[in-house]
Amino acid sequence: MNEVLLRSLTPSVLGILVRRGADFAAAEDAVQDALVEAVRVWPADPPRDPKGWLVTVAWRRFLDATRADAARRRREDLVDEEPAPGPAPAVEDTLQLYFLCAHPSLTPSSAVALTLRAVGGLTTRQIAQAYLVPEATMAQRISRAKRTVSGVRFDQPGDVATVLRVLYLVFNEGYSGDVDLAAEAIRLTRQLTAAIDHPEVAGLLALMLLHHARRAARTAPDGSLVPLAEQDRGRWDTESIAEGVEILQAALARDRLGEFQAQAAIAALHADAPTAEETDWVQIVEWYDELARLTDSPVVRLNRAVAVGEADGPRAGLAALMALDDSLPRHAAVAAYLHERDGDLATAARLYAEAAQKAPNLAERDHLTRQAARLNARRCR
Amino acid sequence: MAKYLLLKHYRGAPACVNDVPMDQWTPEEISAHMQYMHDFAARLEGTGEFVDGQALAPEGTFVRYDGEGRPPVTDGPFAETKDLIAGWMVIDVDSYERAVELAGELSAAPGAGGKPIHEWLELRPFLAAPPTITE
């Protein structure tokens, strides 16, 4: 029984049902029923055409549910009036489903949950585990989301940028349950590149592949963070890096730059460097300038200050940092790092401790606390 | 998508505006207060923002290791300075603003005279796992 195959078929089966006139929420329930049935039946009796099998079973479930519920008679009429189901363009349906699940009327957490369920084919339980909330909470979140988008017409063109943001949110959540959300986000983005021709989709896929390739080297066995400069580059996944760089180059060649392509370009320069010292920081600063033009985000300018510090020395980095609001997340951590490189260990230690207080997660807090302790121990000696 | 802890202190926070001890409320006022908390939690379950919540007994004990072969020390005859935490609720919301909004609502639970008690709640973000990409 191939769970990944089942999950990859989910969006097109769901898309076909909705295209045939099924209400989104009812179609989603029917597809989930069909998946459960497939898990039960396929091991002993594998179908020749898995997708056709799923469509048939799900459609029958949908009709059963619709007929059984007298209140849904109106919807049944709607279905009756539909032309006989012909071969639907599956790719386009899948794409519509991405748009629907990332609809702007949904909150980010609802859009993420609905995308994982309807496009990703994950169970509510798997999604709840990944986000460390009770299953009942996630079930409510998903059913509210389904109700919210139920009235949305399926043929409206959606907004690619919204879909990409949702997929990036999934990617960043990482992995905590039995589903690796980063890998799932890559799978969904890969699937999306097949359905839509857009350089930013390729840019996001490249960015995810390049980040993901370095994952194994990013934490020590005890779970502590390993900074980029100290990572064992032999543990980077060169195959993913090569694929990411290739996808990125093809996207950049189309000359429609977007923020994901620019971020991927920065990640590619890091991934390409044989050692931290040999990193092309000058070019990285140039890409941050591009990125700042595209987004004008203070976080981008903060990262740019780090790159300036590497390219032109810590004093130049500190000067770039001066222009920024010191309430920005990670501002103190960046300032600490630049002061240390500038030789001012006392200031650096104080700022590392301050940064640790503000760290958004445990691994970062521990890492920054260790940095402060390391400098304090060195100064006292 | 961040989790927050709403912590109900009875001591340690500034006094609340409608500061009448609960034992001096009418039974109806207490029922209304409880109902409000219950409805609040039920509504958050409905929005998919509820994670967990519990009430705590008012009295707790500080416990400390006291060396090899000796029983743990519990806090003794010195002045009672422990903070008192009445209960907590964990929510999972889209933004800090939403967390503040919900904490504000919970703080408006009715107290004596049926008026909101304007109780101070502490709002603390959970430290999470690091995101996939942070370098």
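In case you wondered, yes, glycine gets a Cβ from its N, Cα and C as well.
All TrEMBL annotations are machine predictions without curation.
The following features are taken from TrEMBL:
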DOMAIN    A:6-69  domain 'RNA polymerase sigma-70 region 2'
DOMAIN    A:98-148  domain 'RNA polymerase sigma factor 70 region 4 type 2'
DOMAIN    A:161-251  domain 'DUF6596'
Tally of residues which DSSP labels helix, strand or coil - the domain 'RNA polymerase sigma-70 region 2' (A:6-69): 51 helix, 0 strand, 13 coil
Secondary structure tally of the domain 'RNA polymerase sigma factor 70 region 4 type 2' (A:98-148) (DSSP, helix then strand then coil): 37 helix, 0 strand, 14 coil
Local confidence of the domain 'RNA polymerase sigma-70 region 2' (A:6-69) - pLDDT mean: 90
The domain 'DUF6596' (A:161-251): DSSP-derived helix, strand, coil residue counts: 67 helix, 4 strand, 20 coil
